[in-house]
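So the structure is just underneath, and the comments pick up after that.
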């Protein structure tokens, strides 16, 4: 079925040239607040993920020394879906033409790769863990997205933006890691445990946290993060910067007692 075009709910802007670890941290925290529909023990929860209604997005406008690129991110799941080159007007969408799902961004040109990290890494010809994530990398990403038509450069730059904004918004440890190392002159890599233990589990962790909160009969399965056993949903919640709200978590709880 043809999907509907995404409506943009708000736009946030960030100048990469003057970015510091502190202003980056503040930006991520403000972004979480802008996205929140409610809070669970102080942690923002995203709007209900809805596949029937018109998809909602937000734009992130990034500038560096006069160069501009705007990326469009799906609000319900924080997946980067497209971007706009400098002065081009036309949007480029992360979707292979062969998927036949239609355009999430109206009038967009479909790229040769989809939004998953597997497809992005294949197009970039580089592993997620081999890419650098710091201020230099972000400046380079903005410059490349503003003007480059090279698939490898585009894909690598989109990975940098997705990690440093989408993943950092999802996870406290990832935001802290990027903030602490932002101004490093050496390449800054993503630790493997953050990819394996956190990033690959955000949807599942979100579900477990909200289900535990809504359903007294839900049995929480202990999780392992960085070698530590996490025994409760409240403990797991501490790792999340924002929680995805899946419709399944709102099913009526069992009859307790």
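Backbone N, Cα and C define each Cβ position, glycine as well.
The Cβ of residue 167 (active site) lies under 8 Å from the Cβ of 174, 198, 199, each of which sits 6+ residues away along the same chain. Residues or ranges marked as active site by Swiss-Prot: 167.
Counted within 10 Å of its Cβ, the other Cβ atoms near residue 217 (disulfide bond) come to 10, all protein chains included. Residues or ranges marked as disulfide bond by Swiss-Prot on the basis of experimental evidence: 217-254.
Long-range C-beta contacts of residue 79 (site 'Important for catalytic activity'), restricted to its own chain and to partners at least six residues apart, with a cutoff below 8 Å, comprise 73, 115, 166. As annotated by Swiss-Prot, site 'Important for catalytic activity' applies to 79 (among others), with the evidence given as experimental evidence.
Taking a C-beta cut-off of under 8 Å and a sequence gap of six or more, residue 117 (site 'Important for catalytic activity') has these contacts in its own chain: 128, 159, 162. As annotated by Swiss-Prot, site 'Important for catalytic activity' applies to 117 (among others).
Other Cβ atoms within 10 Å of the Cβ of residue 170 (site 'Important for catalytic activity') number 26 in total over all chains. Summarising the annotation, Swiss-Prot assigns site 'Important for catalytic activity' to 170 (among others).
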Original post:
So, in DSSP terms, is residue 217 (disulfide bond) helix, strand, or coil?
Top reply: coil
